[in-house]
Amino acid sequence: MTSVVAQSHFIFGLRTGVSNNLCFFDEQTVVFPCGNSCVCFNTVQRCQRFIPGSEKSQGMRSLAISANRRYLAVSECGEKATITVFDLQHEQGRKRKVLTAGDMLVEEFVCMAFSPDSKYLIGQTGGPEWKLIFWLWEKQKVLATVKTGNSNNSVTQVSFNPYNNMQLCVSGTGVFKLFRYSEGALKQSSFPKVESINFLCHTWMTEERVIAGTDTGRLLVFESGDLRREINMAAKAVQEQPDRSEGAVGSPNVPRITAILSYSKGFACSLGSGIVCLFEKNEEDGYRRSKEIQIPPDPYSNELTPAESQEIDTMCISPAEETLAISTDRGQLYSFSLSSLEINKEEHIHFEFLLQPFHSKSITGLSVCIRKPLVATSSLDHSVRIWNYDTKVLELYKEFQEEAYSVALHPTGLFILVGFSDKLRLMNLLIDDIRTFKEFTVRGCRECAFSHGGHMFAAVNGNVIHIYSVTYFENILNLKGHNGKVRGIEWSLDDSRLVSCGMDGAVYEWNTQTGKRESESVLKSCSYTDVAFSSDCKTILAVGTDLTLKEIQDCQVLREVPGDEVAHTAVAVSHSGRVVFTGTSSGTIRAIKYPLPLQKEWIMYQAHCGPITKMVITFDDQFLFTVSEDGCLLMWKVIDKDGRELKSSRQIIHTEEILVTKSDLEEKTQNMLELKMRLEELQMENEYQLRLKDMSYNEKMKELSDKFTQQIESLKTTQQIMKTEMEKQEREHQKSSAELTVKNSKEMKDLEVSYSQKLIVEHERYQDLQQKNQRMQEDYEKQLKDAEERKVQSLQELTQLYEAKLQEKTQLLEAQQQIREFKEIIKQVEEDEERKIHDIQIKYEKKLHTEKEINTNLKGETGLMTQKFYSLQRQIDDRCTDINKLKQERQRLLGLIRSLESDIEDLKRQISGHEKTNQDKDKTISGLKKKNQELEKLKFVLDFQLNELKKQTEPQQDDITEKKERIHQVCVCVCVCLEEELVQIDHSNTQLKLAVSDLRLKLRTRDKEMHKEMQKVKDLETHLQRLKSDLHNCVGFIQDPRKLKDSVQTIYARYVPQTDGAEKSSVDEDIQRAFGRHRDHLERTVNSLKTRLAKSAEEHEKVYVKIMKENVSLITEINELRKELRLVRTQVKDYKVQLATFKKSNKSRPNSENGPKRGDQT
């Protein structure tokens, strides 16, 4: 197995044709199908997690989420349709149960629904049975089945009553039925006459009321299964009308109602293309239309049918009823915040994209940029989109009038190449637009690609590959050779080669400098679909319709990896060379180890629901991108088995530059200036308005201040009056309080006397009561002590009793808890083990089958291997003797090498003799030119003789053969001479190269000596610098002779050596001058030798190229002469046959009348 794996990272797209294909998991997460997986997308964190579909399914058909938002049911088509229930609260979306229809042969479940308590699940099968199946899904038990429709009455939706687990509703074409589960069967509880009405959707409003939408734009209200009334959709304020006849048909102008959804305030329904109407309850038990939300128009669209004309497939609302989300028939997702409805007072309210605008049709082209994190896609929906895989955002998007067949991003990320039906267009990627820059007359370009350097691009037109220069926009080469349409091209890393594959079964490797084929591999039984170079560009990997992955090198197929009955449609090789990714016609991706294994070893991933059209790996091997006919772009993270990112040697720093045209920049600057002027005008106007307001407010403030001052004055006067009145009242209060104190003092004295007498009497009574109380307290203390003892004893008994009971209860509870836990563990273990046993059974059955095949092959191979073993044993003995001989030869060659080294030293002295050899080469070149002139004359003579031979075929046939032999001999002689001269030239070139290498060695030694001398110069400069600093210090002692003398002596002792330095310095200077002269001489000689060598190499190259061209032209002429000779011979034979038949017919005419008839028969 491969050590590199791929992990689903992000996906752009929505799978249409799936019933109920959008639902909320929580307030921030939505679930929708894309490719062959269900995607859980967090709208806040902008991240995704994937729930992959089953391997052998033929595609998803419908989704259903439980009322508690925990379980997701996915129905998949196949020979035996299945419904898989996943646990969404588990991180990886753990598979809980797989439900089937039992013994019934069911190909699909068109719709499903969970019960309100999430215990039951209903599924509606497709035609021709149209049966409704009722499961207790956790036990995989079918409780009941009932037939709901027929070939003329198809079912489109089923649902549970949200207030009753046992009641459910079924609607469709001429079908509206309520069923109730009782006594182990589903029984129909209502029989409305709706045979002529086509119901598209319905929703439960109350326990008894259901509202259904039709294809004629009618909203019908059912009470207890009976049609009661209709909601008028035409009026702005919707009123409820009495029931009309069931067979009445709505007006043709009213659009279809394809989706309906109830919520706490009322319900929402689609009103034709791109419109959702919100209805609220009113007091009269009816509904009124409150708001209308529209899909916004697409500013980049050029289609005849605008974006707002999309039909709404599914609606869902978040658990807190904060967000409404919808999906459309063109694979787009939109959302709207319901909490902003009350704030938003605009007439036209629009949805917003939930994720990004997706492709709505098959994706035909895919390209990745090197210098920017960009991916480009083209599609049959007439659009080209630029995605940023770092931010997971759609950077640019544009729609065209024609379908886009192919796309290629320039390595800089500033240009894009798009192939249309009429032309190939080179476009600029501007900041907010994709603008055409240059058009090329390449019709129906299905494949195009920029070179890695970005200076060229290749474009395919049928079976011809055109190569253009990006700098001059000129057609450099036209690569012709394919007999069928070219399906894939790829450049080598150095852009010197291009590989192509076609429907004619040919894989060609082209030289992009000369336009010639360097290698080819043709297999007419296979139509190739994609091709790629290996990481080292030495081998080619190709896939096609013969269900194999081929590795081709030097025109030979090295290895073939069979595809296990599935055709490969695309191939991509990692730049590290560790893994090969292939896409298949079933939409899966395979990771195969490279070098390719001998057996079937790969890792398979569920990816798309259609054939993969293109796949590409980023330049740093971090991401893999795949696109398919299902219109989805899937982004894979390439990691190792431990989950770590791959360490790539190609670290790329992404640039952030953008392309802006001068006119756009000027227009924007002009707009900025205008806006700036407008801003200044508004500022002046605002300042003027502020001044006016300040003046008016100042006047108002003045008026208010005057008014308040008057009020203050009046309040002050009233306060003064109140103050005088208060003082008067205070004096009166003091007088009355003095009289009261005197009166109260007298009364107090009288009361003290009376209370003192009473106190004495009460004190005596108190003493008596105290004695009595003391006696009673002693009695009560005794009683309390006895009661306390009894209480403690009874408490101890009770605690012992209840502790024993409590211990028994806790043991029982623990046992019951353990039993429940063990049951749950056993249940989960049984489920896991059943699934594992099933997987292991399938796995080992496959292994057993393969092992049986391998065993039979190995039995045949063992006989061959034994024979090979004996032969190899003999070869090993022979090789041992050869090794001994080679060891002796090695000793001999070592001695020879030593002798050759001395010869090399002698050859180094012979460099000067090469000038004479160059002159000899010039003479040989002139001789070759004369021979070329003679060959041209000979060509002219041969042309003349060929014309004569055409006129006189029979008599000069012998002469033609002689001329042919003579031409052949002359060509052979010329080729032999030229080859000998080329060998001599190569020999002289090798000698010159040896001489140059010797001179380079000498030059290196001279460089080393020069560096030593330069180091000496640096040391002398440092000494001189130190001497200058010491002399500068001496200047400070200029006034003190003694110190000056001492410092001079120290400087002398430090810098002047004891020996005779003058002689040495003079000798050193002479040596340096001699060394410099010698070095200059050597440099001049090396430069002159280099120039001579370059000139001679150029001249030899020119002569060689000229000779080769002349040889090629002569050989082509000889081949043409041979062809003409064959034609002449065939003509002569035809003439002879005609002459013989003519003679026979003349002889047979006079003999009899039946003769001509016989002759005609013969």
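Cβ coordinates come from backbone N, Cα and C, glycine included.
A TrEMBL annotation is a machine prediction, not a hand-curated record.
Of the candidate ranges 239-298, 479-538, 1019-1078, 1079-1138, TrEMBL annotates residues 1079-1138 with the feature coiled coil. If you take every residue in the domain 'EML-like second beta-propeller' (364-638) and average the pLDDT, you get 93.
Shown for the repeat 'WD' (356-391): DSSP residue counts in helix, strand and coil, namely 0 helix, 18 strand, 18 coil.
Residues 10, 12-14, 298, 302-303, 330-333, 397-413, 416, 418-419, 429, 434, 446, 449, 452, 610, 613-619, 623, 625, 627-633, 635, 652, 654-655 of the same chain lie 6+ residues outside the repeat 'WD' (356-391) yet bring a C-beta within less than 8 angstroms of a C-beta in it.
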